[in-house]
Amino acid sequence: MSGSQTLVVKLGTSVLTGGSRRLNRAHIVELVRQCAQQHAKGHRIVIVTSGAIAAGREHLGYPELPATIASKQLLAAVGQSRLIQLWEQLFSIYGIHIGQMLLTRADLEDRERFLNARDTMNALLDNRIVPVINENDAVATAEIKVGDNDNLSALAAILASADKLLLLTDQAGLYTADPRNNPEAELIREVHGIDDVLRGMAGDSVSGLGTGGMATKLQAADVACRAGIDVVIAAGSQVGVIADVIDGTPVGTRFHSLETPLENRKRWIFGAPPAGEITVDDGAVFAIMERGSSLLPKGIRSVKGDFSRGEVIRIRNLNGRDLAHGVSRYNSDALRMLAGHHSQQISEILGYEYGPVAVHRDDMIVS
């Protein structure tokens, strides 16, 4: 749909519990209603949810457990299914399906796993399914630490090629000082660059049930803005906050990115040294240069070098002239097998498929 946006909404434990010891279901119902409203308008919504540990603690009757990683993992293992069941139940009221994605930092730092996660995310969004993301706290170890889901939401926004990231919290945004302790604290409305002064304003506050504070939200905002994604930190209790963010209505603190996600990605492609190269026929040259099309396996004549899926490669014509640089959807061995074949034959030849193109147009810079 023309004009549709992709919005990642991160809900911290303080928002989901309302500062209490249990999930605030009435508040979650309202947030789902807002998300469903925007989904119906054609926008793509991604949820990054905290609250698994809080849900587990509530379900087990608030047991007295030692403050250890194992205790957190126990509570997360119990609470994760309860939490996803709640999201599924509430979105189903509006006829919306959800898809659960449990991630760890390793899934996002390894290139192959990152691409697989991105493909899953895109498949869900393309089919109008709302991805609900949480860290896999039941198996992660070092990842259960301050700010992890804040940082995870920034990485999820990159995975989704999001237009905006909304970090919902129990504060109206970023202040010049802690408003709970300083009555003269002022809300910062617009941020065009994150520096040490701003980091000092964020402090290191952490809520009792969650693992994040304003400082980690600032870290997440920095990561997302560098990837070309605008970020808003706002109160989860703000009426109509999700619509306001999508519509561009001033709310909370807005962090402006310096470029679009596509511009950021293409700048990275331009600067990355090619890991290999492929030669394409005249039909592929015409499709790329004149039609702005993706490169299909059918147009590949030869493959040079050994490279992995997700690496940048050089694309040349039959005379050896550089045409473009792009990110390969398949590794070099796979492309050698696919060269000259139709896209419909990919699964038959390889036994798997990452899509019909060898290099997508959005992952390509023409020389």
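Just so it is clear, glycine is given a Cβ too, placed from its N, Cα and C backbone atoms.
For MET214 (ATP binding site), other Cβ atoms within 10 Å of its Cβ number 25. Per Swiss-Prot, the feature ATP binding site maps to LYS10, THR169, ASP170, THR211, GLY212, GLY213, MET214, ALA215, THR216, LYS217.
Counting Cβ atoms from all protein chains shown, SER50 (substrate binding site) has 29 others lying within 10 Å of its own Cβ. The substrate binding site annotation in Swiss-Prot covers SER50, ASP137, ASN149.
Swiss-Prot lists 275-353 with the feature domain 'PUA', giving sequence analysis as the kind of evidence.
Spacing of THR216 (ATP binding site) relative to ASN149 (substrate binding site) is 9 Å (Cα to Cα, whole number).
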